[in-house]
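Novice: Could you have a look at this structure, given as structure tokens, before my questions?
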Amino acid sequence: MSLVKKKNDDIRIIPLGGVGEIAKNMYIVEVDDEMFMLDAGLMFPEDEMLGVDIVIPDIQYVIENKEKLKGIFLSHGHEHAIGAVSYILEQIDAPVYGSKLTLALVKENMKSRNVKKKVRYYTVNHDSVMRFKNVNITFFNTTHSIPDSLGICIHTSYGSIVYTGEFKFDQSLQGHYTPDIKRMAEIGEEGVFALISDSTEAEKPGYNTPENVIESHIYDAFAKVKGRLIVSCYASNFIRIQQVLNTASKLNRKVSFLGRSLESSFNIARKMGYFDIPKDLLIPINEVGNYPKNEVVIIATGMEGEPIEALSQMAQQKHRIMNIEEGDSVYLAITASANMEVIIADTLNELVRAGAYIIPNNKKIHASSHGCMEELKMMINIMKPEYFIPVQGEFKMQIAHAKLANESGVAPEKIFLVEKGDVIHYDGKDMVLNEKVNSGNILIDGIGVGDVGNIVLRDRHLLAEDGIFIAVVTLDPKNRRIAAGPEIQSRGFVYVRESEELMKEAEDKVREIVEAGLQEKRIEWSDIKQNMRDQISKLLFESTKRRPMIIPVISEI
């Protein structure tokens, strides 16, 4: 039975996130007058985003066309695929489609943010067919580090638009992690119009090390440990957590988790049967001291840098629950991103100083949850797409993936390297990239959504780098005189007691500026404040080569 609904006229593919970056996945596919959102993820802030908690895609384009949106389709349950859903649903109404575990994690996110909105959830699997006016949508099982991951297939009259989600190929994994290569091959034979595919490891040659080999290595490493064992692991890597549980059970060690980020997702997945946990294996963290050190494993978990931060606090004897002791062994079951390498190196030194032994990783093992070069080429060769769109990676990774596609037979002119907001448009004859829609980042700080922009970040950088300089003056405008002050206050700029001459010079300059302003025919407070900013900034820079944030405060009596 054909899954094509009707002859289509117009197709648009628009990345709003997940290109030029490893996170924040969001891809819009429009077929005629229907719009479909593929993933809705978040990103954790970069170092320069001071005070920002998370980053989500700007969905202004979707809001402007919300009547066309038929649903949010989710590939898997990681935050960079589902983390923005609760924020989006506060702004628009849309049904949400995903696997059983993925939707359970979305609902938990909604609950944790106290988003009380009635949402239509549709649980899908590899057998599901979702029927719409212009297209049908089906799904296929993929392998990732979290169970129930899906690829998404939009059937059009030109062929299928396939979104792989984040994937790798590993035949050693079974059950909830087994890739459905047979169904992928069927989709390829039916005809793939465009393949939107994960580029994260496009620069890594070969294949990933099979997970059964990795588990064997973990066992060999743990079996040599005589004392307490601490494992650093991402809360999102369910495969690695299961392997640590398996190994601990074989070695007759109890397991305890250290890290709040894991608690909700782990408990949800555990209740739903996605973890295989022997009876009495787990113990509360406050009971670890009741067991001999050679009979426990502590898994320090979290998102992004949280596991490393926990280890650092433990090494410095500052952790609220547990600290490193002489004779502890530490195993890092995480892959270091570029911006984490220095932090990890510093933490390892702290751990060694505190008396811990760092279990070395086998350099021959490459344990990623994303496909390496040969796995990416395998997906391309299975799907045989007419057009290819590399996503989910930094731009250099997208370029590397584009090269793999070309080597696999996709013509260069049919490979599209896109940035956020680019519109790939097919009108029935030609596929072109000649439009752009509104796109970018929405920064979330606490409960504020989108109220932190470039100007706020600039101010935070100024405060962090050069401090703040405040000049307070009280005026008597009726008599055109200074009633009190100027009073100078400074934080993070200079040590006031050692800079009394500079403070006096600044005070005199403020007085001079204010008195000049008071002599004007019409007193303009804004002009006086701006003159204070400009002239004080110049004075301070000439003396210190620093540019603190200058805040004039003028009050009246």
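Numbers run from 1 along the shown chain.
Here the Cβ of each residue, glycine as well, is placed from N, Cα and C on the backbone.
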Novice: According to Swiss-Prot, H76, H78, H144 bind Zn(2+); identify which of E34, E64, E108, E166 is listed for that same site.
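Specialist: Of E34, E64, E108, E166, E166 joins H76, H78, H144 in the Zn(2+) site that Swiss-Prot records.
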Novice: Near S368 (substrate binding site), which of the binding-site residues H76, H78, E166 can be found within 10 Å, Cα to Cα?
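Specialist: Hits: none.
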Novice: For H144 (Zn(2+) binding site), just count the other CB atoms lying within 10 A of its CB, please.
Specialist: 29
Novice: What other residues of this chain sit with their CB within 8 A of the center of the CB atoms of H76, H78, H144, E166, the recorded Zn(2+) site?
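Specialist: Leaving out the recorded residues gives S75, G77, A81, S145, I146, S149, G165, F167, S369.
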Novice: Roughly how many Å lie between the Cα atoms of S369 (substrate binding site) and H144 (Zn(2+) binding site), rounded to a whole value?
Specialist: 5
Novice: Report, in whole Å, the straight Cα-to-Cα distance of H370 (substrate binding site) from H76 (Zn(2+) binding site).
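Specialist: The separation of the Cα atoms works out to 13 Å.
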Novice: In whole Å, note down how far the CA of A367 (substrate binding site) lies from the CA of E166 (Zn(2+) binding site).
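Specialist: About 14 Å separates the two Cα atoms.
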